[in-house]
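Asks: So TrEMBL lists these for the protein:
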type: TRANSMEM; residues: 5-23; note: transmembrane segment
type: TRANSMEM; residues: 29-51; note: transmembrane segment
type: TRANSMEM; residues: 58-76; note: transmembrane segment
type: TRANSMEM; residues: 82-99; note: transmembrane segment
type: TRANSMEM; residues: 111-130; note: transmembrane segment
type: TRANSMEM; residues: 136-165; note: transmembrane segment
type: TRANSMEM; residues: 177-200; note: transmembrane segment
type: TRANSMEM; residues: 206-226; note: transmembrane segment
type: TRANSMEM; residues: 231-248; note: transmembrane segment
type: TRANSMEM; residues: 260-281; note: transmembrane segment
Amino acid sequence: MTTTMLKIVALVTMLIDHIWAFIPGTPYYFHWIGRISAPIFMFCCIIGYTNTKNKIKYISRLYVLSLVMGGINAFLDIQYNFIRTLLIIIAIIFIIEKFEERNRNAKRALITFVLWQIVSSLIIMQLQYLGVSDKILIIMLPVLSNILMLDGGMFFVLMGVLMYIFRNSKKNLLITYILLTVLNMLIYNTKILKVVFHILEKNIKIPFTLLSILFESVFFGVLPAFMKTDLLYGDPQWMMIFALPFILMYNGEKGRELKYLFYVFYPVHIIILYYLGIAFIK
């Protein structure tokens, strides 16, 4: 499959998932189908970045679209900005490339990124402490390109970086992807995290509430106290395993040029589905 074909698969499955999210009464299995979308998008984004001639321009496009989605999210009072997750993934890959190229500025880029994430995280937490509205936070997160409250969390960032590292080895990509899926199931579909948190609370005296808040901020929207072990109706993200066959069918070819399809489709379909959902409720 070409990257264009993969993008179309990802777009269709994302649309199906978001129909479930926005339109009342949509069967839950639409959500299952949508679990394969994000990994395919990540893979296509990584391939697109590695093949582009102007990488700064590529990153800039992601940043601008992330800002656009931040504005849309704030206006509609929703949280759909997977672009920010892609941006963080590509930013880290940009730094990794500097080290691979033995660029003298590689260490400086890494230190700058880490320091920026620390400073911007402190800014976000200070804004939360001051009680600013969620709308402002939703806008500030993409403005600062911060890692907190990412769509998919740092788990998806890890997945994206590993996809980059093993992009030229289908065997290693297969093994890594399966291991990540198992890790995802352990985190989101078992009580293991809750048990670990209680052990840390007991032995290291770290409050369970603090651990939960940190986990929710990093892994996005899941508090250990409310996790469900139900594989189908709890958190079905493990179904991302079914994206793997599509990714492994990638043939190294670009396919038909549809460069800006995703950049336009993503915000437009969110807006349309949002207002369709309101119409169905009325």
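Backbone N, Cα and C atoms are what each Cβ position is placed from, and that goes for glycine too.
Unlike curated entries, TrEMBL annotations are predicted automatically.
Set these features in their place in the structure for me.
Replies: Sequence-distant contacts of the transmembrane segment (29-51) (same chain, six or more residues past either end, CB-CB distance under 8 Å): 3, 6-7, 9-11, 13-14, 16-21, 58-59, 82, 86, 89-90, 93, 152, 156, 159-160, 163-164, 167, 177, 232, 236-240, 242-244, 246-247, 250, 254, 262.
Sequence-distant contacts of the transmembrane segment (231-248), counting only residues of its own chain at least 6 positions beyond either end whose CB sits under 8 Å from a CB of the stretch, comprise 1, 6, 9, 28, 31-32, 35-40, 43, 170, 173-174, 177-178, 181, 184-185, 188-189, 222.
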Asks: Should the transmembrane segment (5-23) and the transmembrane segment (260-281) be scored as in contact, given a threshold of at least 3 Cβ pairs under 8 Å and pairs 6 or more apart?
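Replies: Checked: the transmembrane segment (5-23) vs the transmembrane segment (260-281), in contact.
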